[in-house]
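What TrEMBL says about this protein:
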DOMAIN    252-387  domain 'GGDEF'
TRANSMEM  6-23  transmembrane segment
TRANSMEM  35-53  transmembrane segment
TRANSMEM  59-78  transmembrane segment
TRANSMEM  90-111  transmembrane segment
TRANSMEM  117-137  transmembrane segment
TRANSMEM  149-169  transmembrane segment
TRANSMEM  189-210  transmembrane segment
Amino acid sequence: MLGTKGAFSIAALLCFVMILVVYSVKDSRVPGVRTLLVANLLGLGANFLYGFGRSLHPFVAYEVANTLYIAASLATLVTFRRFFNRPPLTIFLVCVLAIFLVLISTFHYGFNSYTARLVTVSTYQASIGLAIAITIFNARDTWSSAKYPFIFSLSAACVIFCGHTYRVAQQFLRSDAPRTLHDATEWNVLLIAVGAFTFPILTLGGLLIVHRKMMSAAEYAANHDFLTGAWSRRAFFEIGERELTLADRKNRKLSVMVLDLDNMKAINDTFGHASGDEALTCFVKNVTERLRASDYLGRFGGDEFVVLMPETDLPTAISVANRLLCQIGKSEDKTSQNGGTTRHPSFSVGVACRLPRESFQSLLKRADVALYKAKIEGRSQVVASEEPLLIS
Ligand SMILES: Nc1nc2c(ncn2[C@@H]2O[C@H](COP(=O)(O)OP(=O)(O)OP(=O)(O)O)[C@@H](O)[C@H]2O)c(=O)[nH]1
């Protein structure tokens, strides 16, 4: 049967392995990774001292070991709060650590009681397990479609809460409750093993979350334009083909509009490239705010954008384009927060509604031809295409 020293040694080894793995994602830019690294360093020290510190000075065996353990779990809590952009509550947690240290010293030097120390440590650990579980649960709206890393971590935090609560209860209920940390009764070893192993397991959950966040960031970068956040050309085509199939199946209309900012070159040449960038970003934000949630705005390149409007016929698409032009294209240039001026260039729009069995490329081409007409007819206007083109 595994003894308590064996359990602490394995837990220390697991923390060491976790350090090596977490270190490999330290440059992932996911907030919380460095705190997770610190948590495992502290956990490694705590488990080592719990296992072998009794041969050292009592202050190291009791105060230092317990403080490292609690600091490790506080750092884990901060990690999970950072994962979900919650404030780390550093000052509050430092106060918790100080109170803990005072209590442990009191139950060591003032009134030497193993039970009192056990209750203190396990109550803290149960509270931290609960706090981590609540943090993960409260952020469920931000869990991506792949929920596994979040459910895994939530379960590990719940096991920590239940395990430590059970340990405290058993200390009062059982006649053979342990009198020292290294008491070799089966249930003492079992509970210590559960407590010691769940933190590396929680780290594993954290790593799964980091991995998920890295994948989400990569997916976002591949599918969105870096400057404006609009859908990338590639993603827009994928969405277009999907919506086209859907429109066919449900026998619904599908419209697109191609929007091109007027005289962007003049803005860049007169006010600088940064001003041009800001005009593009501002344009996307303004258009997005005025579209339905079911519409898609993509950047096709330069100052040309495309909007895909499912379930929209031509008259509706034209009125949407005119509304956008009226509300955004005719806005005055505004003084921005940093004292500069945000340019609101006007734009030209080509609109097309899908003809029966028409391909997505042909639909886009017709809208593009209509845009060209709008440009040569004087810009800042909407032109609709009704002519089918012979493109398959
Ligand atoms: N600042 C900035 N400018 C861009 C970006 N992409 C394209 N442009 C500029 O947008 C301009 C696009 O030129 P065109 O569409 O040919 O012409 P235009 O000046 O907008 O004039 P019309 O479209 O004919 O009204 C070029 O000067 C590009 O340098 C970008 O990401 N940032």
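Cβ atoms are placed via backbone N, Cα and C, with glycine included.
Curation plays no part in TrEMBL annotations; they are all automatic predictions.
Among residues of the same chain six or more beyond the transmembrane segment (90-111), those with a C-beta under 8 A of the stretch's C-beta atoms are 58, 62-63, 66-67, 70-71, 74, 77-78, 117, 120-121, 124. Contacts between the transmembrane segment (59-78) and the transmembrane segment (189-210): present, as 3 or more C-beta pairs lie under 8 angstroms, all at sequence separation of six or more. Highlighted: of the candidate stretches 6-23, 35-53, 117-137, 6-23 has the greatest count of Cβ pairs under 8 Å to the transmembrane segment (189-210). Secondary structure counts, DSSP: the domain 'GGDEF' (252-387) has 59 helix, 36 strand, 41 coil.
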